[in-house]
Amino acid sequence: RSPDNTQHYLHRAHRKAFLPAIETCQDNTAWSIMLQTIKEWLWWERLWLPERVSWADLEDKDDRIYAKASQLYDAVPCALCLLVVRYLFERYLAMPLANALGIRDKVRLTAEENSILEKYFCSQARNPSRADVCSLSKKTGWPERRVEVWFRRRRNQDRPGLQKRFCEASWRCVFYLCAFLGGLLALYDKPWFYDLREVWTEFPKQSMLPSQYWYYMLEMGFYLSLLLSLTFDVKRKDFQEQVIHHVATLILLSFSWISNYIRIGTLVMAVHDSSDIVLE
């Protein structure tokens with residue numbers, strides 16, 4: 001080949017080699033722009049902050065320390081620690097207390113062993129229709145009444161005992177009591193505890209206090225632990241409502257933390273904790 005042709009082929013080879021790299025760089029640039037746009041939209045100042053206030057105004061300065069969104073991750077280890085504390089509490093305190101108070105699980109008759117009914121119970125339905133009862137009666141050779149009794153006893157076997165429910169309720173009651181007392185301890189010497197107008201003094205440029213930080217993290221960790229343990233707790237009729245409640249609570253607490261509604265947030269938590277004690 002002539003020198004001109006050689007240079008032409010080398011140019012084409014280099015171009016082919018660099019094309020994937022150029023396309024990758026373009027993809028990365030587009031991805032970065034998209035992430036930046038989402039970030040700007042998510043942290044839109046008019047959505048989170050009052051007028052004439054920016055995120056730069058809430059940066060730590062001198063003796064002022066402000067709440068940060070990244071601190072919300074601290075609720076995760078707090079939730080895991082509360083799960084461990086709950087296990088120890090229910091095992092070594094709540095269960096002995098239940099026995100001391102004479103709280104016992106009801107004696108329930110166990111269902112007879114039957115592979116056909118057990119397979120239907122686990123894979124299809126816990127409460128069969130009349131037609132299914134008739135069909136199962138023919139398959140097992142049992143009377144329909146006996147099949148109905150078997151399903152009733154089998155359902156009762158899976159129902160949680162009174163002791164388990166007592167342990168769960170006592171754990172929540174003790175936490176709400178401790179949280180309420182801790183909230184009072186953190187708030188009793190604050191001016192906004194007695195004068196609600198102080199809640200909005202210099203808002204949102206209000207410095208975060210260590211007591212407020214721990215109060216928020218414990219509350220968020222507790223509701224996160226309840227969300228994580230829903231699959232292991234007693235499944236009640238309002239299971240879906242409980243999930244919605246815990247998620248909504250975490251969203252509200254997160255929003256108030258990021259927007260620096262901390263003073264009013266601590267007052268609201270104290271009011272809710274006081275009523276939850278009585279409910280449990």
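Cβ from N, Cα, C; glycine included.
Just so it is clear, the model here is predicted, and its values are computed rather than measured.
Feature list (source: TrEMBL):
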DNA_BIND  102-162  DNA-binding region
DOMAIN    100-161  domain 'Homeobox'
DOMAIN    164-280  domain 'TLC'
TRANSMEM  169-188  transmembrane segment
TRANSMEM  213-231  transmembrane segment
TRANSMEM  243-262  transmembrane segment
> What is the three-state DSSP composition of the domain 'TLC' (164-280), stated as helix, strand and coil residue counts?
Replying inline: 89 helix, 0 strand, 28 coil
> Any residues 6+ beyond the ends of the transmembrane segment (169-188) with a Cβ under 8 Å from its own?
Replying inline: 82, 86, 89-90, 94, 97, 209, 211-212, 214-215, 218-219, 222, 266-267, 269-270, 273-274, 276-277, 280
>> Should anything in the same chain at least six residues away from the transmembrane segment (243-262) have a Cβ under 8 Å from its Cβ atoms, list it; otherwise answer none.
In response: 48-49, 58, 66-67, 69, 71-72, 203-206, 208, 212, 216, 219-220, 223-224, 226-227, 230
> How does the model score the domain 'Homeobox' (100-161) in terms of mean pLDDT?
Replying inline: 84
> Under DSSP, the domain 'Homeobox' (100-161) has how many residues in helix, strand and coil?
Replying inline: 36 helix, 0 strand, 26 coil
